[in-house]
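*Asks:* I have a structure I would like to understand better, so I am pasting it below and will then ask my questions one at a time.
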Amino acid sequence: MATPGSEPQPFVPALSVATLHPLHHPHHHHHHHQHHGGTGAPGGAGGGGGGSGGFNLPLNRGLERALEEAANSGGLNLSARKLKEFPRTAAPGHDLSDTVQADLSKNRLVEVPMELCHFVSLEILNLYHNCIRVIPEAIVNLQMLTYLNLSRNQLSALPACLCGLPLKVLIASNNKLGSLPEEIGQLKQLMELDVSCNEITALPQQIGQLKSLRELNVRRNYLKVLPQELVDLSLVKFDFSCNKVLVIPICFREMKQLQVLLLENNPLQSPPAQICTKGKVHIFKYLSIQACQIKTADSLYLHTMERPHLHQHVEDGKKDSDSGVGSDNGDKRLSATEPSDEDTVSLNVPMSNIMEEEQIIKEDSCHRLSPVKGEFHQEFQPEPSLLGDSTNSGEERDQFTDRADGLHSEFMNYKARAEDCEELLRIEEDVHWQTEGIISSSKDQDMDIAMIEQLREAVDLLQDPNGLSTDITERSVLNLYPMGSAEALELQDSALNGQIQLETSPVCEVQSDLTLQSNGSQYSPNEIRENSPAVSPTTNSTAPFGLKPRSVFLRPQRNLESIDPQFTIRRKMEQMREEKELVEQLRESIEMRLKVSLHEDLGAALMDGVVLCHLVNHIRPRSVASIHVPSPAVPKLSMAKCRRNVENFLEACRKLGVPEADLCSPCDILQLDFRHIRKTVDTLLALGEKAPPPTSALRSRDLIGFCLVHILFIVLVYITYHWNALSA
């Protein structure tokens with residue numbers, strides 16, 4: 001049912017057609033137009049009368065006709081009659097208990113009339129544009145009410161009793177609501193909720209219980225945060241424009257059924273304004289990218305024991321007859337296509353290596369987490385049993401006794417190195433690893449936030465995604481002992497047939513030896529000696545077809561000490577400290593020159609090129625004619641504008657005389673290569689310090705020359721004047 005002059009109510013016409021009898025609807029429609037026109041009918045005269053006085057007779061005529069029509073049709077229309085209360089005088093003469101629709105909009109009611117609360121068949125109630133401040137609890141009697149319009153009133157709160165109605169549409173816009181009741185979650189059938197133009201500061205969490213809600217309008221309120229519970233709703237339209245929302249939660253990307261999203265006039269920071277202006281698709285794409293970045297960052301900090309077990313990958317490898325060594329998925333792996341006598345068992349050996357490697361890594365990670373040094377021996381007690389149980393008879397056990405002793409000694413050496421690694425990893429005891437951002441707040445393991453951030457950055461550096469990935473076991477070793485790809489894995493040219501030999505950590509070699517011993521029943525002692533790194537290098541030449549054994553875990557004994565993971569970690573930490581000092585020096589240089597305080601994140605301050613352009617303009621004015629600067633509406637420049645600023649800065653540096661050797665590239669600035677940026681800035685500042693004296697000297701020379709020419713001209717004029725005077 002459309003109301004005269006009211007706001008658009010999309011739900012009313014549908015209910016009007018469904019609830020009113022078709023024979024009564026045209027008559028009601030005609031009556032509606034009479035009121036809208038305001039002429040010709042007694043109802044129109046009544047609409048212009050007051051509640052008392054000389055207009056009682058026209059008012060009573062209009063009310064009588066409206067009430068009589070309501071009793072016959074079930075639709076009560078008392079709109080725009082300036083009523084301050086329900087007309088009680090005429091009501092007893094008519095039976096309105098079966099009223100289905102009631103329109104009391106555009107009146108002067110200060111509360112919902114109690115008479116309406118007795119219309120138990122009422123389905124649609126329109127109280128638009130009144131002065132209502134109170135809603136009686138008796139409204140809970142309207143258990144057939146599905147549409148309620150309370151817009152443009154003076155309500156300061158919605159009563160909890162209102163949430164006990166079977167409402168499908170609730171419109172309470174243009175009121176003074178400060179909040180929504182927590183009982184709003186009881187409106188299970190609510191499909192449309194409009195609380196726009198109010199004073200709501202926060203939405204209750206119970207709003208996520210409105211499973212039938214399809215349209216939510218919270219426009220022009222004081223919302224700062226959008227509750228994540230909105231994701232649980234199947235919203236089709238969501239309007240939160242003209243609020244104070246700063247961030248759209250990342251989880252909103254899961255609102256798959258959302259078709260209309262209105263968010264203008266919000267000080268949004270995430271997503272940025274240039275993304276929001278492009279529409280819902282770009283906003284959701286931005287949120288998805290942010291979610292992927294968060295998931296990727298979180299996966300880097302997972303503990304070794306929390307990561308997926310290796311046997312899951314091993315099972316996948318068995319299905320396609322690939323041990324993980326010979327796979328070529330684009331990374332630098334060893335090729336396993338060369339023919340050899342081992343081909344019949346080439347699949348079993350790497351599988352056993354991987355399974356044994358997983359067990360050793362788990363036990364070693366448990367040891368590194370344990371504060372008690374004595375637990376190290378308990379963790380590795382099962383290993384000698386592997387050597388003993390692998391032989392099926394006493395003779396085979398005797399054959400491998402000497403070799404087992406050698407392996408045990410190597411294993412003890414490995415254990416000692418692991419203990420040294422544990423000692424080195426205690427950053428608070430190593431003065432070389434302490435940087436300005438890594439400090440201990442107390443001796444009771446209360447670590448400073450800066451230390452945690454530095455450690456996370458260290459993990460990012462050490463777990464380089466561009467590194468070599470040889471197989472599943474080697475990735476687990478890199479997780480156990482984080483090393484950079486360039487230092488942890490070395491590809492050396494082997495003197496034997498030009499083959500490539502892969503350098504791995506000492507863990508790989510020990511595990512290879514243990515695995516070969518545990519599977520000794522499948523090999524002869526000679527085969528084991530050929531695959532053992534303890535044998536002389538000449539034994540490698542006895543491999544079939546002159547090729548090296550395909551085990552990726554083998555390497556010469558001479559390189560055991562050449563790759564030290566502790567040294568690699570130390571070097572990474574030193575590089576981090578040097579880079580931090582470099583950034584601070586660069587910050588001081590720019591701040592001293594510009595006399596401003598830069599943002600805490602220097603990389604973000606330099607990447608857009610604005611600061612650099614101001615720096616070169618400070619050294620020589622108007623070197624960069626136009627600079628793209630962020631605005632409050634667009635707080636971040638696009639990549640094209642950032643690159644244009646950077647290119648203008650570099651071009652100005654060339655004009656000032658910065659050598660090409662000292663000039664960084666645009667990619668260095670956009671990718672925050674502080675070493676090259678520092679070199680360019682230092683050269684620029686040095687030229688700036690040398691430039692003023694020649695400039696001032698040049699200006700003085702020009703001034704002196706101008707004065708001399710002026711004096712000479714005056715002298716010539718004087719001589720000419722006197723010469724003419726004498727000759728005359």
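Each residue's number is its place along the chain shown, starting with 1.
Cβ coordinates are placed from backbone N, Cα and C, and glycine is handled just like the others.
The structure displayed is predicted, hence computed values, not measured ones.
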*Asks:* Of the residues Ser524, Ser532, give the one that Swiss-Prot describes as phosphoserine.
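*Replies:* Going through Ser524, Ser532 one by one, Swiss-Prot flags Ser532 as phosphoserine.
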*Asks:* By the record in Swiss-Prot, which of Thr146, Thr435, Thr568, Thr683 is the one labelled phosphothreonine?
*Replies:* Thr568
*Asks:* So which of Ser270, Ser370 shows up as phosphoserine in Swiss-Prot?
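*Replies:* So the answer, going by Swiss-Prot, is Ser370.
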*Asks:* Quick check on the record annotations: which of Ser536, Ser631 is tagged phosphoserine by Swiss-Prot?
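*Replies:* Comparing Ser536, Ser631 with the record, Swiss-Prot tags Ser536 as phosphoserine.
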*Asks:* Under 8 Å between C-beta atoms and at least six residues away from its ends: which parts of the chain pack against the repeat 'LRR 3' (144-166)?
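*Replies:* Beyond its ends, the repeat 'LRR 3' (144-166) has Cβ neighbours at 3, 6-7, 9, 11-12, 15, 105, 120-133, 135, 137, 172-181, 183-187, 189, 194.
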*Asks:* I'd like to know the mean pLDDT over the repeat 'LRR 8' (257-278).
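*Replies:* Here the mean pLDDT over the repeat 'LRR 8' (257-278) amounts to 92.
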